[in-house]
Amino acid sequence: MAGTKKRANADDDFVLTLSDDENDTLNQLEEEGEGDDGALATGSKTKKRKRDDAAAAQQEKGKNKKVKKQEQQQQQAQQKKKKGKNAPVQEEEDEDEEEEEDQGEDDGALNSDFEFDVGGAANEVRDFDGWEVNGNEEGKGGDKKAVDIDDIISRRQAKKEAELIRKQKKKKQKQEEEFSELEDDDEEDGGMEVDFGDDELLAEDGFGMGVDGEEESEKSDAEDEEKEEGSDEEAEGSDEDEQMDEDDDDAASDDDSVATPVMHPDDIASDRDSDEESQVDAEEEEKRKAFFAPEEEKTSESAMADAKRSFQEFNLSRPILRGLAGVNFSNPTPIQRKTIPVALLGKDIVGSAVTGSGKTAAFVVPILERLLFRPRKVPTSRVAILMPTRELAVQCYNVATKLATYTDITFCQLVGGFSLREQENILKKRPDVIIATPGRFIDHMRNSASFTVDTLEILVLDEADRMLEDGFADELNEILTTIPKSRQTMLFSATMTDTVDKLIRVGLNRPVRLMVDAKKNTAVTLVQEFVRLRPGREDKRLGYLLYLCKEIYTGRVIVFFRQKKEAHRVRIIFGLLGLKAAELHGSMSQEQSVENFREGKAAFLLATDLASRGLDIKGVETVINYEAPQSHEIYLHRVGRTARAGRSGRACTIAAEPDRKVVKAAVKAGKSQGAKIASRVIEPAVADSWAAKAEELADEVEEVLSEEKLEKQLAQAEMQVTKGENLIKHEAEIKSRPKRTWFETERDKKAARKLGAAELNGPDAGMSKKEKQKLSNKDKKRLDDSRQRQEAGAGWKKGRATRESMKNGQLPKAKKDNKKKGKK
């Protein structure tokens, strides 16, 4: 029994740690179970090894103590020299502390090196950003490398500098050679006699010197006096002319009647449109009453109580509250206060609030709360969140994963630019929430065997008014007809439509309408500025932009363009002028687009309307509209990239005559809201100078574009080579894959793309150059002639022979033949 107790005590003393060899320990434990004799033998071996380890540790400890004592003695010796008598007392105290350490007494106090970690919430508050990409997600974008404009510009500038230095060296060498030749000539001429026969060698005060000079000076003095008299007469004459002009103006103003102001045709059209919008059809109003759920009437007391509510009062689970605290969300915004209780009840919602008011959290929080109570036996995808752009989907994915940090809810993002195979592998695990763009969602829905939509219970459409436009109509209909009809549907946007005919398509069931702010409102903290371009100065628009970016708004600026081609050209000009800029449009991937701007490496983000919706890029101070957008709704989304979540911001729009309608709508909405609106005046001469600088760089821009095109072609060729190698190497596997299908033909996709472009940039945006160009008079006449022939019923056109024969008074050849046949 005694031996068994000793062995038990020895086993209790032995503690498994991460540094121990687990395999050896497991083998020893297995050997212990073989028999009593084997167990005793193993126990003795273990004791022996432990004693050896303990002795080695004690020796090491003793060595460390000796080293420490030696160091302390040296320090104390130095202190004795400085302090004198106080040193021995300190030495005794140190020795007492060492004895206590040797005894190994534990007084229950925490080690000073111990750090308490609250689970990462504090760290996440500091570093939270909607654009943050986790380490695991960084490699999902593929190995595609884009052409770097900055590299091309820096290479070209380095070449130019080297060439300039070489030219300067050559010039210097030439000058030195010329100088040396001149010196040689001077040396050769040094021995020659100089003839001063024709020169005046008298002193200046000598007789006859300076006579010509005095005559010339007298003449110049006389001329100056005449000029002064003439200028005085001119001044008097100009004063008289001015007085005469003023008298004429007064007489004219008395005789002529005052002209009445005439409205601009665009103003008349915009007023008519606004009147039509304000007068809501009675039939439409009846439709809305029947379609939407009745709204609850709230008293002022209940409104005050709602304003004071916090997230704790929604009875949310502790993991959700902890996630909200982790991203520093303490009090809900108005849209969150209204949405969360209704969404938790499972009702359909149509929500609208100004940009930057927290709409993403308004639908993510109730979804997470409902998913905490899901059955966990079988993994199932229950939620689909659809976004119009991949950048917005990536941002929503990052926000949702941050809020769900302390839960077991899984997410998947299905967006373009990421590997299809990796997305399919994640879908096999049936994630709870799928955040996707419509195109990639349909692709997986049709072609991924592991993805099923039969179990979806919640559908969210963010930026729903954009999703309901013609460009997304076909894709949205395909999704809505495939997923279950018995679902909860939530629609959110800053400019949410309430047209019943559009909302019926989504399959809403008596939705609750949650309109927090008045329609077409901006944030209160936003200052709106407008720079007016006079007629005939539209070609100087780039000069105004360069002045604004170089002199006034120099950091954290988003510049919006209508077309990515123009954005790319301005990006090159910015690079040549030394302005650090990044691009964000459909041809760029998300990593290329925002990473430099988010990290502060680029001061300007040149974007199209792709980035105007929903994107929450941290610290944006200013938004500049290079051109006013197609509609007031797009303008609201653009300027909503700044002044978010209560922060201040500024929006500046460069507006010409064609932009009058949008500018007037923005000013009218801002004044009704009480927002600050200002007009910025830029001197035309300053703008012209910057425009001239941009024109000087036109050739350089073309060369950079051609070099970029060449690099893209090389990259494309390399990709084709790699593709060919893979086809040869993995031929069997590639041929065994089923062909990916789509619900539309290429013609239908092209038509949908045109409709989407027309929604953003007007009817002319989707047209080709041939369709856009103006018809010549010759073409117009040809079209008129063809129309007249069709109206007259004559389907043929007189040929050259017919016209010539009619001029000569002869019948056409065919008619002659017919006449001869008739005579016979």
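Along the chain as shown, the residues are counted starting at 1.
Backbone N, Cα and C define each Cβ position, glycine as well.
Taken verbatim from Swiss-Prot:
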- 1-305: region 'Disordered' (REGION)
- 11-37: compositional bias 'Acidic residues' (COMPBIAS)
- 90-108: compositional bias 'Acidic residues' (COMPBIAS)
- 137-166: compositional bias 'Basic and acidic residues' (COMPBIAS)
- 178-203: compositional bias 'Acidic residues' (COMPBIAS)
- 212-257: compositional bias 'Acidic residues' (COMPBIAS)
- 273-284: compositional bias 'Acidic residues' (COMPBIAS)
- 285-305: compositional bias 'Basic and acidic residues' (COMPBIAS)
- 309-337: motif 'Q motif' (MOTIF)
- 340-514: domain 'Helicase ATP-binding' (DOMAIN)
- A353, V354, T355, G356, S357, G358, K359, T360: ATP binding site (BINDING)
- 462-465: motif 'DEAD box' (MOTIF)
- 541-685: domain 'Helicase C-terminal' (DOMAIN)
- 739-824: region 'Disordered' (REGION)
- 739-749: compositional bias 'Basic and acidic residues' (COMPBIAS)
- 767-790: compositional bias 'Basic and acidic residues' (COMPBIAS)
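Location within the structure of each feature annotated in Swiss-Prot.
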residue	record	Cβ contacts under 8 Å, 6 or more apart
A353	ATP binding site	T333, P334, I335, K359, A494, M515, V516, D517
V354	ATP binding site	A494, V516, D517, N521, T522, A523, G640
T355	ATP binding site	A494, T522, A523, L636, H637, V639, G640, R641, R644
G356	ATP binding site	A523, D616, G640, A643, R644, A645
S357	ATP binding site	T333, P334, I335, V516, D517, A645
G358	ATP binding site	P332, T333, I335, Q336, A645
T360	ATP binding site	Q395, C396, V399, A400, D462, G614
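Long-range neighbours of the compositional bias 'Basic and acidic residues' (739-749) within the same chain, counting only residues 6 or more positions beyond its ends whose Cβ lies under 8 Å from a Cβ of the stretch, are 442-443, 446-447, 474, 478. Every protein chain considered, the tally of other Cβ atoms within 10 Å of the Cβ of K359 (ATP binding site) stands at 25. Take the mean position of the Cβ atoms of A353, V354, T355, G356, S357, G358, K359, T360, the recorded ATP site; other residues of that chain with a Cβ within 8 Å of it are T333, I335, A362, A494, R644. Secondary structure at T360 (ATP binding site), as computed by DSSP, is helix.
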